[in-house]
Amino acid sequence: MKFKLSLVVLLILSINLVKCDENDDEFDDGVTVEEEVEPVVSQKEEKIEYQSPYPDNSKFHLAEHFDDLKRFEEKWIKSQAKKDDIAEEIAKYDGIWNLESPTRNILENDLGLVLKSKAKHAAISSRLNKPFKFGSKPLVVQYEVTLQDGQECGGSYIKLLSSGSDTTDLKSFNDKTPYTIMFGPDKCGNDVKLHFILRHVNPKNGTIEEKHSKKPKDRIEEPFKDKQPHLYKLIINPDNTYKIFVDHIAVNEGHLLRDLNPPINPPKEIDDPKDFKPESWDEREKIPDPTAVKPENWDVPPQIVDPNSSKPENWLDDEEDMIPDTTAEKPNDWDVELDGIWEPPMIKNPLCENAAGCGKWEPPMIANPEYKGKWRAPLIDNPNYQGKWSPKKIVNPDFFEDNDPFSRITTISAVGIELWSMSSDILFDNIVITDDESHATDWAEKTYDLKRKHLDKQAETFVQKMKKIVNESPWIVALLVVVIGLPVSIILYMLCSSSPKKIENPKKTDEMTADDTYEEPQATDKKSKFDLNEPEMEQLEVNEDVQEENVEQEQEEPVEEVKAEPTRKRKPRKE
């Protein structure tokens with residue numbers, strides 16, 4: 001125990017010395033204030049130099065940091081459309097968008113696009129600096145999302161709008177506006193998704209069909225809970241491969257021809273819609289044996305009367321288990337027309353309390369050992385079995401073969417965010433669209449990576465900091481042990497060793513009782529307990545025992561039984 005106490009003191013002194021070492025440039029007034037230990041970042045660490053990246057149009061089809069209010073008002077257009085398939089009062093896109101700092105401000109002068117409202121339709125979009133045409137270069141889409149209020153049901157994805165007449169006026173942007181790609185997180189309840197949806201144009205008839213990427217192997221739930229910024233990136237390569245990243249970590253990848261559902265290319269053959277199964281077609285592999293006969297002694301009841309049971313001797317056949325309460329009286333306000341004929345409430349028959357039972361006695365039932373269940377004829381091979389029927393195959397009239405879907409993806413002319421969410425304060429930031437992954441990586445280094453670096457420092461526990469300091473400066477440990485730890489340990493050992501001797505049996509027990517109180521010592525002529533000889537000590541203990549018994553008897557009070565009043569039950573009132 002003494003050794004453990006010494007170690008605790010040594011640890012406390014070590015912590016204080018380390019704190020002094022970290023803040024050696026501050027004035028120390030000699031006063032120590034004990035506080036709850038939390039991961040604290042010094043002012044020097046909090047000030048991370050941030051400068052809005054330059055949106056070079058030669059590198060980016062779109063690069064938006066949302067730090068320039070004037071630029072934002074010029075480029076981004078809030079939708080004024082209405083949905084045409086819902087009630088008028090909720091059809092309008094009246095969600096509120098603001099340009100503001102995050103609630104947890106990490107970088108100075110860093111703003112983001114925030115959806116302030118919830119349970120409202122909201123849409124906003126911006127035209128690209130130049131359309132993105134799919135050819136020999138990859139498509140790289142990257143953006144940040146911070147769910148500042150968490151998210152239970154709603155999306156935070158973006159849409160890459162298709163080039164064409166339907167996207168000329170972005171004020172009419174709505175859920176029906178044609179898009180080429182939808183990408184980003186979505187969650188409702190336990191259904192967690194990271195969308196990558198490609199709208200593919202049928203080269204044969206021009207119809208459009210949504211193709212969904214396969215799901216990631218692992219559920220991505222943390223971004224919906226931790227209220228921190230997360231970076232999402234999609235890369236589609238000219239070789240028709242794609243890759244999805246979350247916070248620079250690949251979480252999904254695949255091939256446009258193999259890993260989309262439904263597939264890009266339809267099957268060459270399909271079932272003939274005009275072919276029907278004949279009525280006489282027999283698909284049963286097994287049938288009941290028609291020659292089988294149920295045995296004569298098969299049908300027996302599943303339960304029988306217990307032959308070993310007998311009525312108890314003190315069973316009262318002529319008494320009912322429940323009888324009317326003869327002491328009950330009809331209430332004065334009882335209305336026969338409204339309440340019906342009054343009947344006294346039923347109570348447990350007191351004669352049955354000490355008897356085995358009342359009323360008609362019936363022997364208990366037990367499982368019948370002879371019961372075999374419902375009889376069924378045994379199965380045999382069906383002599384008329386014709387196999388599983390399937391319709392004939394015909395050539396698919398809509399078949400086409402697109403072996404290079406990347407090159408046929410519809411050109412992108414704008415980016416839009418169109419949402420309905422049950423969470424507010426969804427922050428979007430640093431949206432970039434480019435054809436070179438290095439440009440997106442460089443942009444992330446100047447934005448998201450700075451935020452992540454700051455958050456990682458804040459997340460470092462005090463123990464981790466201690467380990468780091470010890471590893472970098474092991475001489476501190478030796479100095480503490482020699483200069484401070486050793487003298488303190490010796491002093492504590494000496495103090496603990498000089499404890500007073502224990503007085504033998506000053507009273508019956510050393511445990512604190514409810515009657516133990518502290519009183520200031522007063523001058524008296526009476527002898528102290530510790531000055532009494534052995535006979536006087538025994539007599540004093542006897543007197544104390546008698547006094548304690550008297551107090552206990554005075555505290556005991558008889559508890560009167562409270563008889564519950566009978567409850568009144570009425571019959572249902574007549575209609």
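Heads up, the Cβ atoms here are built off N, Cα and C, so glycines get one too.
Note that the coordinates shown come from a computational prediction; the quantities given were computed from them, not determined experimentally.
According to TrEMBL, the protein carries these features:
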- 1-20: signal peptide (SIGNAL)
- Cys153-Cys188: disulfide bond (DISULFID)
- 260-316: region 'Disordered' (REGION)
- 268-288: compositional bias 'Basic and acidic residues' (COMPBIAS)
- 475-496: transmembrane segment (TRANSMEM)
- 503-575: region 'Disordered' (REGION)
- 523-532: compositional bias 'Basic and acidic residues' (COMPBIAS)
- 533-559: compositional bias 'Acidic residues' (COMPBIAS)
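The Cβ of Cys188 (disulfide bond) lies under 8 Å from the Cβ of Glu152, Cys153, Gly154, each of these being in the same chain and 6 or more residues away along the sequence. Neighbours of Cys153 (disulfide bond), defined as other CB atoms within 10 A of its CB across all chains, total 15. The compositional bias 'Basic and acidic residues' (268-288): residue composition by secondary structure is 0 helix, 6 strand, 15 coil, according to DSSP.
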